[in-house]
Amino acid sequence: MLDNQTIATVKSTIPLLSATGPKLTAHFYERMFKHNPELKNIFNMSHQLNGDQREALFNAICAYAANIDNLKVLLPAVEKIAHKHASLNIQPEHYQIVGTHLLATLNEMFQPGNEILDAWGKAYGVLADIFINREEQIYHSGELTDGGWRGLRPFRINRKEVKSEVICSFEFAPQDGGKVMDYKPGQYLSIYLQDDSFANREIRQYSLTAAPNGSSYRIAIKREPQGIVSNHMHDKMQEGDTVWLTAPRGDFFLDIKPETPVTLISAGVGLTPMMSMLYHLHQQNHNSPINWLHAAEHGGHHAFSHEVAAIAQAMPNFAGTIWYREPRDEDQQGIHYQHKGFMDLTVLNEALKTEGMHFYFCGPVAFMQYVAKQLLDMGIDKQFIHYECFGPHKVI
């Protein structure tokens, strides 16, 4: 535990940190990658270029300083980050490297003196121990689970299937022929790739898109115009090729009782964790109302529509509503989609106000902000709202 003087000293730096903004974390990452370039094989360097990771780390540092005397407030964020770290196979020695560069960054930017540096050193040590212990629990639990493993495991691509003009699904089976551990609906895999065309090893997280079966995993990947990994997977990786995976991770998953009504909301490739949730509900014979709301650019970008339709036929409590922003001539309203334009939840006002209904959603950040605002404006309590960001976490 931290003493009162250390807590007060760390809190005294909040105005300085806030005034500096993400310049602090930009300096930190630049320094760390210069002195420890091997870490480029762990971090998603695309998020370094667009600034998302710098902003996320800056927000995390400020949140830690502000709540250092009440760490329970940070537990949800710790859980999310710990799962992400476990998917990246982060080890205790990585925390020592990060701590060294964090303190050096504070010293180089502010020259705050030994008292502040010592306080931040103690504070970082406490936080690092929290993460190290939680991540070890995640690793150990995975090892003990039937079909589980620690670290990386080689898989082969069993099946590659086009799901839309921009989305391909990939089914992986372990090369050792063994079982694979179950996962919670909404969780993700990390895929590790190395290629001569890459500057570094690349690691990406992709949501699982089916129900657990003990023998294989399925994900879906959207081709991003500048995406190093997504284009490689779409264009280069074929059935029979090898990839390396860490075990399923993630703190965003369906967690409701059988009698709970639920609405699954998505846009674009954000439907991938919802597919896993929908298959789970079908597998469990969920008999309470299920609303499936999805937004796509048009029919050519609408993935998994046939799979969802098949599940819908088997579940009388299922109600699907689709929005196409710009339907093509061949997209038929009432058959392929119900509404044109952006997702307007007021058309389902009464259905969404079912008592005790939970809402899970995923998609582009602007879409999720738009959805969250509509739900809150309807009077939906925050405790019933759950969401997942692809990439560094943002508060919606």
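Using N, Cα and C of the backbone, Cβ positions are placed for all residues, glycine too.
Now, the feature entries from Swiss-Prot:
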ACT_SITE  Y95  active site, charge relay system
ACT_SITE  E135  active site, charge relay system
BINDING   H85  heme b binding site
BINDING   Y188, R204, Q205, Y206, S207, C389, F390, G391, P392  FAD binding site
BINDING   G268, V269, G270, L271, T272, P273  NADP(+) binding site
DOMAIN    1-136  domain 'Globin'
DOMAIN    150-255  domain 'FAD-binding FR-type'
REGION    147-396  region 'Reductase'
SITE      Y29  site 'Involved in heme-bound ligand stabilization and O-O bond activation'
SITE      K84  site 'Influences the redox potential of the prosthetic heme and FAD groups'
SITE      E388  site 'Influences the redox potential of the prosthetic heme and FAD groups'
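Figure note: comparing Cβ neighbours within 10 Å for the recorded positions E135, E388, the maximum is reached by E388.
Using DSSP to sort the residues of the domain 'Globin' (1-136) gives these counts of helix, strand and coil: 113 helix, 0 strand, 23 coil. Taking the recorded positions Y95, Y188, F390 in turn and counting surrounding C-beta atoms within 10 angstroms, the largest count is reached at Y188. Within 10 Å (C-alpha to C-alpha) of K84 (site 'Influences the redox potential of the prosthetic heme and FAD groups') lie the following recorded positions from Y95, Q205, G268, G270, F390: Q205. There are 29 other Cβ atoms within 10 Å of the Cβ belonging to P273 (NADP(+) binding site). Highlighted in sequence order, S207, A220, K222, S266, A267, M274, M275, A303, C362, G363, F390 have their Cβ within 8 Å of the centre of the Cβ atoms of G268, V269, G270, L271, T272, P273, the residues recorded for NADP(+), and are not part of that set. Secondary structure of the domain 'FAD-binding FR-type' (150-255) per DSSP (helix as H, G, I; strand as E, B; remaining residues coil): 8 helix, 45 strand, 53 coil.
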